[in-house]
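S.K.: Before I ask anything, here is the structure I am working with.
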């Protein structure tokens, strides 16, 4: 197996220009494809997941033309109706692609199949399918019930009651419905989505609502319990849109700035960000890091304690589910036990991240308690360098988060480092540029 040996690292300093946000990139691509008019998308993330979305849109007949400048595309909108009325779509392991596309395709009146890598066929999609079936969508499971692959058939869509969808497994189900429902033919009469259970990852819904508004569709919400979505309205191309830097990816460099003394600055995301994971900086500050920020940048200059340790903390991570993985590894360097709660969504990501995180932290000597939706980490009393290395489970965020363990007293071997291509292909080059 390919591996990368990192550390032990003693210092971190420098500036990193972040790649575009995955969550924003794939939402913007789909909205631009569904809109009336042309959208120039700039600073689009170049990664496995965005390539999956671009390939799917191409198969569906959407023109996405790369421009001369880096990571810029001109997307010619379809006015809500894809030219291709039948297609077989490979979705890799891109949840941000398969879920919103499933909803949009269910309303197209065509015949489509969606499938992916084996892990994708283990990631639940039943709550979204149940929601779409409430309006008459015809979607069949061709493998295990509740999971991809999916077969979508032409259907007569009708909305005569509120749509109910669970919110406690993945916010992407709600995002998919929100983005698709304006495509339903109608007079603009709104349809109500009712959320069953507690909605997790609320900041990702904020991203969805913000971007829908940029494309001319306003959604009204009643707290987080229900949403009123207009139907029969057209998305309108905004002309040009810039993709923010990825706030989840920023977390690794900010943590490095704390553990390695800094200063480390990330550019492309800051206090004006629409991404919830930007609040990772607040959590890092609570752990004792020296954090400064502007509208489009965040900088960390070491920690306030002379011994370089972080403060242990207990934190509800509903608002930073991806960046919370960085906190779990940073907890190796705390002065006590850190508890991260409300992270049940980790179990349905690229891997079961709760079990994976607990397993790999223990390899380094940490004492770890893994619960249904929480993890409790006590730093090692004696660090160990696992002979077999840190396994990454084909999960980009496992690989990136555990690079921070190299600030400990032992070298760290990262297995399958190329899995970072899902969102940040050049991560280890960028990390090596600021850490030594």
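Along the chain as shown, the residues are counted starting at 1.
The backbone N, Cα and C atoms fix where each Cβ goes, glycine too.
Pasting the relevant annotations from Swiss-Prot:
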{"type": "ACT_SITE", "residues": "322", "note": "active site, proton acceptor"}
{"type": "BINDING", "residues": "22, 95, 123, 172, 353, 397, 422", "note": "phosphoenolpyruvate binding site"}
{"type": "BINDING", "residues": "22, 23, 27, 170, 171, 172, 201, 322, 349", "note": "3-phosphoshikimate binding site"}
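Looking at the shown structure, can you explain where the listed features end up?
M.R.: When secondary structure is read from DSSP and collapsed to three states, residue 322 (active site, proton acceptor) falls in the coil class.
Its own atom aside, the Cβ of residue 397 (phosphoenolpyruvate binding site) has 30 Cβ atoms within 10 angstroms in the protein chains shown.
In sequence order, 45, 47, 49, 50, 96, 246, 248, 423 are the residues near residue 22 (phosphoenolpyruvate binding site), counting only same-chain partners six or more apart with C-beta under 8 A. In the three-state DSSP scheme, residue 22 (phosphoenolpyruvate binding site) falls into the helix class.
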S.K.: Between residue 397 (phosphoenolpyruvate binding site) and residue 349 (3-phosphoshikimate binding site), how far is it from one CA atom to the other, in Å?
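M.R.: Checking the Cα atoms of residue 397 (phosphoenolpyruvate binding site) and residue 349 (3-phosphoshikimate binding site) gives a distance of 10 Å.
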S.K.: Report the same-chain neighbours of residue 422 (phosphoenolpyruvate binding site): residues 6+ apart in sequence with Cβ closer than 8 Å to its Cβ, ordered by sequence.
M.R.: 47, 48, 49, 93, 350, 396
S.K.: Please work out the number of neighbouring Cβ atoms within 10 Å of the Cβ of residue 171 (3-phosphoshikimate binding site), leaving out its own Cβ.
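M.R.: So the Cβ neighbour count for residue 171 (3-phosphoshikimate binding site) comes to 24.
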S.K.: May I ask for the distance between residue 322 (active site, proton acceptor) and residue 171 (3-phosphoshikimate binding site), taken between their Cα atoms and rounded to an integer number of Å?
M.R.: 13
S.K.: Expressed to the nearest Å, what is the distance separating residue 123 (phosphoenolpyruvate binding site) and residue 201 (3-phosphoshikimate binding site) at their Cα atoms?
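M.R.: Distance (Cα to Cα, whole Å): 17 Å.
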